[in-house]
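Asker: So TrEMBL has the following annotated:
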- 100-200: domain 'CAAX prenyl protease 2/Lysostaphin resistance protein A-like' (DOMAIN)
- 24-43: transmembrane segment (TRANSMEM)
- 55-74: transmembrane segment (TRANSMEM)
- 94-114: transmembrane segment (TRANSMEM)
- 134-157: transmembrane segment (TRANSMEM)
- 163-184: transmembrane segment (TRANSMEM)
- 191-207: transmembrane segment (TRANSMEM)
Amino acid sequence: MLVVYPGVRAGASWAPWMLRLVDLVVLAAPLVLAALVAWRVAANPEGRAGGIRRWAPVDIVLGVCVGGVVRAIVELVQPTTGTLEGPLTAGPAPGRIAAAVVLVAGVAAVSPVVEEVFFRGVLQQALTDHLGGLGRVAAASTAIVVSTAAFVALHVLPGGAVVPVGLVVGSAGVGVGAGILLAVTGRLSGAIVTHVVFNGSGILLLMV
């Protein structure tokens, strides 16, 4: 899907906000299914899915710090440029409102939660459990590398032949940072906050 979709998207003549909505659905739908499975597992007292049901106040602090550091690194490597004025100010009012809702809800809320539940809560946790025979550190490290590679692929493949360096660095940074938080704390909340802060700060930079 990730290989075919860029070509299909390039030939579409929809409004910018509609294209963004389709992007969100195409990329998130498979992960939502996995997330639902993870929630089902977490509902079982015998099962666990990356600490989905456990939150701690310190996770907010850790997530903000990690997300902020990754954003700072990206800005040093490839500063955020551009503006949101195009999709948010062009066209009739309903289109502008739809663009704002899709952008903020999709990028800063829906995507971080769905992606973290899948890549960290499901994939990384499953790999860590499966590789337990290697030892805790080796299993966790391998799981972080593999889940991060898959996470980066999700973000760079839809871009086609030209992939911004900042996108690769940001995706890798979030993947590693969120993965380490899950491995150390056993909770998914820090990973989600990391992703939300990183994406949200990117939107804010486009607004200033």
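The backbone N, Cα and C atoms fix where each Cβ goes, glycine too.
Remember, TrEMBL labels are computer predictions, not curated facts.
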Asker: Take the transmembrane segment (163-184) and find every residue of the same chain, 6 or more past its ends, with a Cβ under 8 Å from one of its Cβ atoms.
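Answerer: Distant Cβ neighbours of the transmembrane segment (163-184) are 50-51, 59, 62-63, 66-67, 69-71, 73-74, 77-78, 80, 116, 119-121, 124-125, 128, 140, 143-144, 147-149, 151-152, 154-156, 190-192, 194-195, 198, 202.
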Asker: Tell me, roughly as an integer, the mean pLDDT over the domain 'CAAX prenyl protease 2/Lysostaphin resistance protein A-like' (100-200).
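Answerer: Here the mean pLDDT over the domain 'CAAX prenyl protease 2/Lysostaphin resistance protein A-like' (100-200) amounts to 89.
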Asker: Let's see if you can do this one: DSSP helix, strand and coil counts over the domain 'CAAX prenyl protease 2/Lysostaphin resistance protein A-like' (100-200), in that order.
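Answerer: Counting residues per DSSP class in the domain 'CAAX prenyl protease 2/Lysostaphin resistance protein A-like' (100-200), I get 91 helix, 0 strand, 10 coil.
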